[in-house]
């Protein structure tokens with residue numbers, strides 16, 4: 001039994017499922033919804049590197065997402081650059097701005113870091129909103145082109161965009177998986193568990209924190225760029241704190257500090273929000289308390305709850321008493337991903 | 001010169017409101033060592049409570065404020081009981097996220113009950129007074145006086161009464177306070193009561209010159225964070241001083257720099273402070 005449902009097979013199963021998904025859904029709207037969910041997966045995975053693995057809660061992530069979206073939008077609409085050159089430049093711009101902010105922001109710790117980044121996010125929002133000459137202010141930026149053709153591959157239909165975003169999502173997840181399971185990733189976790197201890201054993205914490213921060217903004221930028229070219233309209237509200245809280249919710253509900261958490265969280269919440277669309281602006285009446293309840297009772301989200309269920313079942317099978325299963329999640333996370 | 005004095009007076013008014021909000025935030029930080037992101041939502045609830053008491057039930061302004069202060073204070077206590085108390089041993093990240101959850105809920109709740117419109121709160125103190133060539137409404141004068149009275153009363157309470165001393169003791173050392181027989185659970189609840197009350201009072205005083213809407217707490221709470229970092233997290237005189245510093249720099253900035261960008265001043269101030277001194281100005285020893 002277990003040999004069929006092991007990790008490798010389930011990954012293959014889900015990748016295949018996502019590949020045939022366009023063929024089984026009844027209409028393009030669902031496909032479009034799934035595409036946006038995948039875009040959020042990329043952004044949330046970026047946030048996860050920093051908040052989940054390194055333990056620094058950055059509340060400026062939506063700001064970097066917006067920097068990515070606006071960089072791509074401005075480069076393609078105003079500078080009229082080739083799409084893919086603009087795309088690569090966008091990744092560079094967001095990473096560079098992440099580096100600059102990170103250099104200063106990471107001098108602060110814990111609460112100061114959260115408050116500092118919250119303010120940085122707000123400044124990004126205010127600048128986008130007020131600098132009408134560049135960003136178009138509240139009117140936003142319209143007419144962003146769809147991704148340019150690569151050879152004979154065109155990306156102007158919903159189907160092709162779905163596959164494009166899927167490609168970038170899988171690529172990001174692969175990169176993040178490799179990072180997290182490398183020595184660098186373990187260093188991040190060491191910093192999360194105890195920064196002082198990490199320094200004591202000779203880890204250059206500043207360098208590694210900066211790396212985590214830049215990586216997280218890199219993925220925020222990628223996600224923002226894809227968002228701009230799929231939605232094709234962007235306004236200053238994508239930098240607003242409500243987007244930040246959405247990202248945080250995807251991460252928390254899915255499971256912070258796990259690779260699959262952002263995937264589960266983003267997809268589940270995007271679909272549930274879709275079902276609750278009649279609630280519109282009141283949906284936070286449900287999601288707000290949900291967020292609070294999850295953090296109290298299931299601090300590691302759906303994936304975390306699933307993993308502890310599985311470990312419990314395995315322990316029962318082996319008739320081994322469960323020792324301290326709520327603590328030391330790190331080791332289990334590394335093993336089960 | 002007239003403009004300068006007028007702006008200084010305005011700065012004193014906004015500064016008073018900021019100080020009251022920051023006081024509540026700093027008290028809670030002193031006790032629990034968490035930044036309460038939901039404090040802005042308490043501020044917003046206070047504004048709506050007073051508004052409803054005045055317009056729906058026709059209560060007098062002061063009675064309405066009193067009811068709002070008690071109601072929001074109790075809301076704060078509920079938050080402590082159901083959210084922050086169960087999370088007291090959790091990593092600090094969890095408190096922050098839980099607070100954000102409460103914030104989202106309360107904002108959505110206000111939107112559901114009162115709608116998303118901008119409401120104007122009536123006030124019995126609309127008279128225009130002019131002293132020494134300065135003209136201002138009674139409401140603004142009232143804000144300053146009320147804020148100063150409350151600050152003095154709070155200070156006396158913390159310094160001269162036994163209950164107040166327990167709050168200070170707990171903010172200095174939680175385990176130590178527990179060891180000498182202070183009921184830390186009770187003190188935490190009391191702190192949340194005071195903190196919520198202060199937020200409600202601040203918004204009830206400020207609403208007649210601003211507006212009441214679901215997002216009214218956003219900017220105020222962000223600025224209150226700037227203030228408590230400016231004044232030192234957990235420090236009470238720091239919160240008062242920081243509130244006035246921010247009030248003055250904003251009103252002067254609005255006149256002499258740009259009215260559009262006046263909200264950004266606070267954040268640039270914060271970014272500058274934390275860039276130069278990552279642990280904030282005037283840090284007290286002992287807090288980790």
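Each Cβ is built from the backbone N, Cα and C atoms, and glycine gets one as well.
If you look up TrEMBL, you'll see A:32-51, A:58-77, A:83-105, A:112-128, A:162-180, A:210-235, A:247-272, A:284-309 marked as transmembrane segment.
Taking Cβ pairs closer than 8 Å, the transmembrane segment (A:162-180) reaches residues 15, 18-19, 21-22, 31-32, 34-35, 38-39, 41-42, 45-46, 48-49, 53, 147, 155, 188, 215, 219, 222, 226, 230, 259, 263, 334, 337 in its own chain, all 6 or more past its ends. Ranked by the number of CB pairs under 8 Å to the transmembrane segment (A:210-235), the listed stretches A:58-77, A:83-105, A:247-272 are led by A:58-77. The largest share of C-beta pairs under 8 angstroms with the transmembrane segment (A:83-105) comes from A:58-77, of the ranges A:32-51, A:58-77, A:112-128, A:247-272, A:284-309.
Within the chain, the transmembrane segment (A:58-77) has long-range Cβ neighbours (under 8 A, six or more residues past its boundaries) at 43, 46-47, 50-51, 83, 86-87, 89-91, 93-94, 97-98, 101, 105, 113-114, 117-118, 120-121, 123-125, 128, 134-135, 141, 143-145, 213, 216-217, 220-225, 227-229, 234, 236, 238-241, 243-244, 247.
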